[in-house]
Structure formats: structure tokens, C-alpha cells
Amino acid sequence: MGVLVDSQKEGFGSSWRGLKNLVRRKQVDCAHTKRLDNHQLAKELTIPHLIAVGVGSTIGAGVYILVGAVAREHSGPALTMCFLIAGIAAALSAFCYAELASRCPSAGSAYHYSYICVGEGVAWLVGWALILEYTIGGSAVARGISPNLALLFGGENSLPTFLARQHFPGLDVMVDPCAAALVLIVTGFLCLGIKESALAQGIATAVNVFAMLFVIIAGGYLGFKTGWTGYEVPTGYFPFGVDGMLAGSATVFFSYIGFDTVASTAEEAKNPKRDLPLGIALSLSICCCLYMLVSIVIVGLVPYYAMDPDTPISSAFASNGMQWAAYIITVGAVTALISTLMGSILPQPRILMAMARDGLLPSFFLDVNKHTQVPVNSTLATGIVASILAFFMDVSQLAGMVSVGTLLAFTMVAVSVLILRYVPPDEVPLPLSLQESIDSYKLRHNSDAQMINGENPAKSPGDPCLPLLGEKNVAVDCTVVEKLEALSSCTLDEENRRKIAGWTIMLICVGAFMLTFAASNLWFSSLIRFTLCGAGGLLLLSGLVILTCIDQDDERHNFGHAGGFICPFVPLLPISCILINVYLLINLEVATWVRVSVWLMVGVLIYIFYGRRHSSLLNAIYVPKAHVDEIYRSSGAIL
């Protein structure tokens, strides 16, 4: 393997170079890269902060409504099983996030992991989809707050005039000043500092959790008092069958989205290797327990077919003579929405900053305030755009687009874990500023090699991209000789193992798509469906067997910040995660995919005309990982 592999100069024409651009990968942040990067965030977050961010971003007001709709239409009394199954499915992604967050603790979350493990093209699409997710998600949450606030003040039209919704018939627009104002207030909190904003989110989350605990405790008391009438239904525990329960699980799965916000704050954690996995795991566990306990109580108080689909919890208490409980539940819903709003706006500035660091977006988004150590420009831009959308647009019809970014990120994180374990990057991009150090290092070793072979070291070094160890019998010292002897016996096997693993991971993704696409499209003929399902299932099963049988790459132990959390049950767990998330992606509405496709096409155009031309890897020089430390030491000596 050569010392220099210049991704921009190597190739067979512009089209080949363009393809190489899509798969170029960046380096995991390390001590060397930190010295070259002056835009670092404050390391302030501990485990309680991360739990507050995770739980606050995950538990929204949806749980106060979702339980009624899912119980009536899908699960019946088995609602608790729906939340359990969905929690287990979400935990698969959480395990993958935990390993990558502890190994690569930098801003950007799934975008950052995809750039390191998969390539620039996929990373751009993931980051662009996440920008859409957080913008639409934040605006939708903000517009949901004002109706709940109105209920606290006595009714639908009880808000002050300057905050109340106003309809303009000529434009057919319903403006929401309260939603826009709340977005700007939350943006201001986020600009104060990560520790301060995490504290504010923790307070809102605590109020919401207390409201849910009230529902659980008071509802449990009423249930024991009335004999849990909701479970005494003639249709049994599974009135819609197992299929209905699984459909309900797919619906409530989206109530677990939000724990990935913890990963987006990885750069701001004091001890990321320990705190990030614990923060993700504890956040998801707390949410799952609260969801299950609330569902146990509510379906036991009222028969599922008698639940109010809009206000299931309030109506359940009202039917048992506790109308006043609606105020506590409404307070919980409002604080849940405020906390979720903070969780929706918090990650996006960090993703914008990470993309600007990599040169894919303008440097405007890169600025970090010296005092608060917050990406202020990115935060203000996010808040202004989200407030404008919340003020003018009814984004409820666009809410489905939020799911695409999340599921795409979950899928690529699982793929990244497989790549990290079996085919981790074996070359590292170095900046062009180190060209002198790299040339000096190459010339020094080539000179030593020529002297050993009896050649004239003053001879022209030739092409600067020639391999450092071009011949199998070249030796500089005993260490190099030993390495070459080892290479002569095992390089071929290692190369074949990496090729087999790489192709297998790709075929697993293809198999997951074929299986879920055929299983979800009932308009296919039976022959086509069974053929595609069989082929997809065979690819998945074969991929699982192959990856189980071949060895994982030894370099996985040295990848990134070693010593953190290790995802268990690889390759089974990531493959299951890929299958679940691809299935959910396939089953989104066609209208959602049409809207998302337009957004992604805009992103592709921006990448073509700006991102790829300003990428920090544009003139990067790729070197084998084994030589990186010595080159950096050489550059320090020169400087």
C-alpha cells in the first residue's frame, strides 16, 4: 500500500474522479485534527444533562394522544406490548448509536458517522435529510403548543389577541404568532450555552415526567378501585390479532425518536466514552417504562373501543369523576411539547456546523461564540427559519417528512457499525498543508530503501505518488522486514476478507430492500412477490452467515476513541436494525416520498455546485494509517 493516494489526481477521467468524490471518507477526530480545528464546543454535559436531553427530546405530547388512536384501531388491550416491541426495535438503533458516539464523539451524529464509514455522498444526503427533519419537526411541535396553552387559559380562543391564531381568508393562511414566539425564545435559550439549555430542558422534562407519574399513580388507584374494567372485554387481549399489534408497534415506534439527539451533543460531553452510551441507554429505558406504565393504566380504565381518540387520558379520568385531572395532563402536554421543541432545534445547528467544518456548507455556519462556545450563527439561522415556518405554514401535512430523515439516519448508523467492524477505513486523509512533511517522509524512506538495494539515493524520486514499499523485498529496518514477511503470507487473505465483507454488506442492504419492498406492495402478483421476498431473504440470510463466519477486522480495536461501548451481537443486531428501518421507510406514504425527493434533489444540486468543490477533502492526500503518526511527528519537527 502506498504512502500517497491522492483521491483527486488518481483516476481515469473526470467522471471517475466524480465517483471517487462520493466515496471519499474523512478521518475520525483525534489529537492531530484537534490542533488544526479552532471551532470546538464546550465540554459541559454529564450523564444527568444527557438524560434530560434524551428524555425531553423523546417524550412529546404524542403519547397523550397516541395511546387512544393505537388502542382503538390496532392493538386493543395489547397496547403495552406495542410499546415494548417498538422499544426493543428502537434499542437496536440505540446500541449502534452508542458505539459510534463513544468512538467518534464529534458534532454531526449520523452525518458524521456516515462520512467516516460510508462516504461523502451518502453523508451529505443523511445530513441534508436531517436538516429537513429538525426544521419541519420543530415547526410542527411549535404549532402544537398554542392550542394546549389555550386550554390552560380556559378555552380554544382564550389566548391574548397578539398570540392567538389568526386566519387570513384571502391568502388562506392561518398564522400562529405564539408558535413563532416560542421558537425564538427557545433559540435564545440555546444561544446561552449548552449547559444552560440542557438545564432548561431538564426542568420542562421533569414537569412532564411528574404529570406522567400522576397519570400512572392516580390511574392505578382508580384501576384497582374499579376492577380494571378495560381488560374485561369479550374480544380478549388481542382483538385485532398479532398483525394488529405489530401494526400498532410500527405506529408507536416513532414515539421513541429523539434519543439520537444525545448523540448530536457528543462533542459537548465531558466523558463521551462513558457518558454517551449511558445517556442513550437510560433515556430510552426511562421512556419505554413510562410509555408502558401509562398504557397499562389507560387501557385498564376504559375499554379500548370507548376511548376518545383525541383526548384519551383526560377522558379516561373524567369518566371516573376526576375532571380536574385534565389540567395536570394539559400542563404535562405543554411542557412535553416545549421540551421536544428544544430537542428538535438543538441538534440542527451542530449538524450545520459539522457540514461547514467539512467544507460542504459555507463557513458562515462554522462560527462558535468564544464565551458560550455555541454555534451561534447556525443556531440563529435554524431558529429564524423554524419560526417563519411555524408562523405562516400549517406543517402538519409535512410531518411525515420528519420520519424519512430519522429512519435514513438509523439505517446508515447500522450500516456504519458493520463497516467499522469488518472493513474499517485503512487510509487516512491528510491536509495539503502537510505535503512537505509527507514528501520528506517518503523521500527519506525511499532513500534508505535504495541504499539497502545498492541503488543511488540521489536518483530522482520519480512520481510523488509511488508506493513507499513498492517491492516485496525492500527493507528499511528489522521492523519493516518483519512487516513485509508478514505481508507476503497474509496480505492476499486480508484483501480477500475485506472484499468479501464489503460486498456482503452491500448485498445485505439490497436484500433488505427487496424483501421489504416486495412484502409491502400487495399489488404485485403472487409469483413476483414470493420471488422477490425469497431472493431478498436469501441475500439477508447468506449475508448474516458469511459475516458470522469470517473474522472481524483487527483494526476495529484501534478505530476512533477505543475503550468505549461495544455494540453486542454483531452482525445480527445491525442487520435486524437495517431490516426494520428499511421496512418503515418503504411503508411511508407516496406523497411523503414525493416531497422528500424534491428536497433531496435540491440537496444534490447544492452538493454538485458547492459542496464537492469546497470539501475539505478536495485536495486531501490519503496515506496508510500506519504512517500517520510519524508524518505528524515529522511535521511538528519541521514547524
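Numbering starts at 1 and runs along the chain as displayed.
Yeah, the Cβs are placed from backbone N, Cα and C, and that goes for glycine too.
TrEMBL: automatically predicted annotations, no manual curation.
Here the transmembrane segment (50-71) has long-range neighbours at 77, 79, 82, 141, 144, 148, 198-199, 201-202, 204-205, 208-209, 212, 248, 251-252, 254-259, 261-262, 265, 269, 275-276, 278-280, 282-284, 286-287, 290-291, 294-295, 298-299, 304, 307-313, 329, 332-334, 336-337, 339-340, 342-344, 346, meaning same-chain residues at least 6 beyond its ends whose C-beta is under 8 angstroms from one of its own. Annotation comment: TrEMBL describes 50-71 (among others) as transmembrane segment.
Counting residues 6+ beyond its ends, the transmembrane segment (110-131) has Cβ neighbours under 8 Å at 21-28, 100, 104, 260, 263, 347-348, 351-352, 354-355, 358, 360, 404-405, 408-410, 412-413, 415-416, 419-420, 424-425, 560, 596, 599-600, 603-604, 606-607, 611-612, 615, 617 in the same chain. Summarising the annotation, TrEMBL assigns transmembrane segment to 110-131 (among others).
The transmembrane segment feature in TrEMBL is assigned to 173-194 (among others). If one looks beyond the transmembrane segment (173-194) by at least 6 residues along the same chain, the residues whose Cβ comes under 8 Å of a Cβ in the stretch are 41-42, 44-45, 138-139, 142-143, 145-146, 149, 159, 162-167, 200, 265, 268, 338, 341-342, 345-346, 349, 369, 372-374, 376, 379-380, 382-384, 386-388, 390-392, 394.
According to TrEMBL, the feature transmembrane segment maps to 206-224 (among others).
Feature annotation from TrEMBL assigns transmembrane segment to 236-259 (among others).
Cβ atoms under 8 Å from those of the transmembrane segment (280-304) belong to residues 47, 50-51, 53-55, 58-59, 63, 67-68, 71-72, 75-77, 79-80, 82-84, 87, 90-91, 94, 97-98, 101, 209, 212, 215-216, 219-220, 222-223, 226, 228-231, 233, 239, 252, 255-256, 258-259, 262-263, 312-313, 315-317, 319-320 of the same chain, restricted to positions at least 6 beyond its ends. Annotated transmembrane segment per TrEMBL: 280-304 (among others), in sequence order.
Annotation source TrEMBL lists transmembrane segment at 324-346 (among others).
Same-chain neighbours of the transmembrane segment (374-392): 41-42, 134-136, 138-139, 142-143, 173, 175-177, 179-184, 186-188, 190-194, 344-345, 348-350, 352-353, 356, 364-368, counting only residues six or more beyond its ends whose CB sits under 8 Å from a CB of the stretch. Per TrEMBL, transmembrane segment is recorded for 374-392 (among others).
Positions annotated as transmembrane segment by TrEMBL: 398-420 (among others).
Residues or ranges marked as transmembrane segment by TrEMBL: 500-520 (among others).
For 526-550 (among others), the entry in TrEMBL reads transmembrane segment.
Residues annotated as domain 'Cationic amino acid transporter C-terminal' in TrEMBL: 565-615. For the domain 'Cationic amino acid transporter C-terminal' (565-615), the DSSP-based tally of helix, strand and coil residues reads 40 helix, 0 strand, 11 coil.
Here TrEMBL flags 592-610 (among others) as transmembrane segment.
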Give residue numbers and ranges for long-range contacts of the transmembrane segment (500-520): same chain, 6 or more residues beyond its ends, CB-CB under 8 A.
415, 418-419, 422-423, 528-529, 531-533, 535-540, 542-544, 546-547, 550, 553, 575, 578-579, 582-583, 586-587
Contact between the transmembrane segment (206-224) and the transmembrane segment (398-420) (3 or more Cβ pairs under 8 Å, separation 6+):
no
Short question: which residues 6 or more past the ends of the transmembrane segment (526-550) have a Cβ under 8 Å from it?
418, 422, 497, 500-501, 504-505, 507-508, 510-519, 571-572, 575, 579
For the transmembrane segment (592-610), give me same-chain residues lying six or more residues beyond its boundaries with a C-beta closer than 8 angstroms to one of its C-beta atoms, as numbers and ranges.
121, 124-125, 128-129, 132, 360-362, 398, 400-401, 403-404
